[in-house]
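Taking it in order: structure first as structure tokens, then the write-up.
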Amino acid sequence: MTLRNHQELLVALATLYFLATSLPSVSAHGPYAWDGEATYKFTTYHPGQNYKGLSNVKNYFHHLGYIPNAPHFDDNFDDTLVSAIKTYQKNYNLNVTGKFDINTLKQIMTPRCGVPDIIINTNKTTSFGMISDYTFFKDMPRWQAGTTQLTYAFSPEPRLDDTFKSAIARAFSKWTPVVNIAFQETTSYETANIKILFASKNHGDPYPFDGPGGILGHAFAPTDGRCHFDADEYWVASGDVTKSPVTSAFDLESVAVHEIGHLLGLGHSSDLRAIMYPSIPPRTRKVNLAQDDIDGIRKLYGINP
């Protein structure tokens, strides 16, 4: 279901149902979106050359933390871009080539969270002898020690269907047992610890949404409390998203569980099984915390199993 006239949209999109190709089709509505068909050309690009549009690619990698500085980006396939691609490939357990191969492009084009990937990697060994993949924000911010309850509220506009609110309430409940914090909905948006907003394109922070596909949502580190979802997505708030006739449908609860992890202080994980993995394909349900998520939140809040 969507925030627009979802019944009419469902009928319209269902008539256009088609099988997904090997590369997801993502419309280039914003600075961080990719066009599925046009992106194939990137496989022919080679370092040391100049290609129109690479400045936008560099901006994309800058937004996600792979290029730390933000000069006036040019269209040269230079060492900066090669380094960014290699780091990205390593982070996603891809073959490290420094080039835009098919698997790298497929990963780039998978819809994702808008929070940067490069923050702080713990690089610690867990009690099971495995290397952890969870990360934290800079300086490891968290909610104050001893916090047992946080309030959350939905923006008065746009008004949300109760199914949307229920999906997000379920998402909060996934974190309560491992962080020992209860989440209570309130009607006071201005005073709530966590403020939830569905918005389109530019919406008052430095991270505009890009229309359907691309960036699905983002949330800010503690104790900011802002949590935003792209209102232009086709959100499924109830029912089985895996059976949706809409190929671009996203499970709201799944994305919300991820964004709440950011609200609590977790960065992204390179563990594909983790809730905090940055990307999620359409028609996918993923709501249960993985061990990496649990280890990360316990490390941050000093909670023992």
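Cβ atoms are placed via backbone N, Cα and C, with glycine included.
Given the ranges 55-62, 95-102, 103-110, 111-118, the record in Swiss-Prot names 111-118 as motif 'Cysteine switch'. With a cut-off of 8 Å between CB atoms and residues at least 6 apart in sequence, the same chain places C113, G217, H218, A219, C227, F229 near E259 (active site), listed in sequence order. Taking the Cα atom of each, H268 (Zn(2+) binding site) and N95 (N-linked glycosylation site) are about 20 angstrom apart. Excluding C113, H258, H262, H268, which define the Zn(2+) site, the same chain contributes V115, H218, A219, E259, G261, L266, G267, M276, P278 within 8 Å (Cβ to the Cβ centroid), listed in sequence order. The binding-site residues H258, H262 differ in how many other CB atoms lie within 10 Å of their CB, and the one with the most is H258. According to its DSSP assignment, H258 (Zn(2+) binding site) is helical. N95 (N-linked glycosylation site) sits 26 Å from H258 (Zn(2+) binding site), taking the Cα positions as reference.
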